[in-house]
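Worksheet: the structure to be examined is printed underneath.
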Amino acid sequence: MPLLESTLHIRHLGRQDYESVWHAMQHYTDNRDENSQDEIWVVEHTPVFTQGQAGKSEHILNPGDIPVIQVDRGGQVTYHGPGQLVIYPLLDIKRLKVGVRQLVTHIEQSIVNMLKRYDVEAYAKADAPGVYVEERKVASLGLRIRKGCSFHGLALNVDMDMSPFQRINPCGYAGMEMIQCKQLGGPQTVEEAGKQLVETLSQELGLANLVHHQGLPESL
């Protein structure tokens, strides 16, 4: 495998508002060509509800002072906020020879594998994307594929204020109970979770050569 195809660039973005990162990953994806590098963006967002393309307004119960943004990913409404790890895999899945369903499985399995390091038994569900522990949801997924390339990604609850989830039906499921790593004895900080999950995700994708960066690409 050529070096370009086997190298994964990891960008650590820190805490950012949702909209600017969303527009940056749209721009990155729209301007990709066959030589563009694959990247994973690791970020923590300020509080926001995002409504996916399948989203129905009745699932947003009482947003209050938290903004609601309609976005171009799959899925329904979810919440992002401090203490939650968000990872955006910006991958040329055509070049990697990975199908969309296969990519979802790789992402879910990487979370399961990461939590297994902490003796937490997690699992995916065929009918409801995400990762669960004892029927409570610890991670949400929502992807978009454009020109054979992925953007958007996953959100893992680590150590956060969970109360905003009560203002919505998470992922369109009324009464869906959410849980976080801190309660489970998993990683206790976003930084720790990010380090572990980048490892298991790159292993799942078969990409061993990792190059770390701080901040967005200079071209954005």
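Cβ atoms are placed via backbone N, Cα and C, with glycine included.
Taken from Swiss-Prot as is:
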- Cys171: active site, acyl-thioester intermediate (ACT_SITE)
- Arg73, Gly74, Gly75, Gln76, Val77, Thr78, Tyr79, His80, Ser140, Leu141, Gly142, Gly153, Leu154, Ala155: substrate binding site (BINDING)
- 34-209: domain 'BPL/LPL catalytic' (DOMAIN)
- Lys137: site 'Lowers pKa of active site Cys' (SITE)
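Structure with Swiss-Prot features highlighted.
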residue: Arg73; record: substrate binding site; DSSP class: coil
residue: Tyr79; record: substrate binding site; DSSP class: strand
residue: Lys137; record: site 'Lowers pKa of active site Cys'; DSSP class: strand
residue: Gly142; record: substrate binding site; DSSP class: strand
residue: Leu154; record: substrate binding site; DSSP class: strand
residue: Cys171; record: active site, acyl-thioester intermediate; DSSP class: helix
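Residues listed for substrate, Arg73, Gly74, Gly75, Gln76, Val77, Thr78, Tyr79, His80, Ser140, Leu141, Gly142, Gly153, Leu154, Ala155, cover a largest CA to CA span of 16 Å. Comparing Cβ neighbour counts within 10 Å across the recorded positions Arg73, Lys137, the minimum falls on Arg73. All chains included, 22 other C-beta atoms sit within 10 angstroms of the C-beta of Gly75 (substrate binding site). There are 24 other Cβ atoms within 10 Å of the Cβ belonging to Gly142 (substrate binding site). Comparing Tyr79 (substrate binding site) with Cys171 (active site, acyl-thioester intermediate), their Cα atoms are 9 Å apart once rounded. Note: the CA-CA distance between Leu154 (substrate binding site) and Lys137 (site 'Lowers pKa of active site Cys') rounds to 12 Å. Here the C-alpha separation of Cys171 (active site, acyl-thioester intermediate) and Val77 (substrate binding site) works out to 5 Å.
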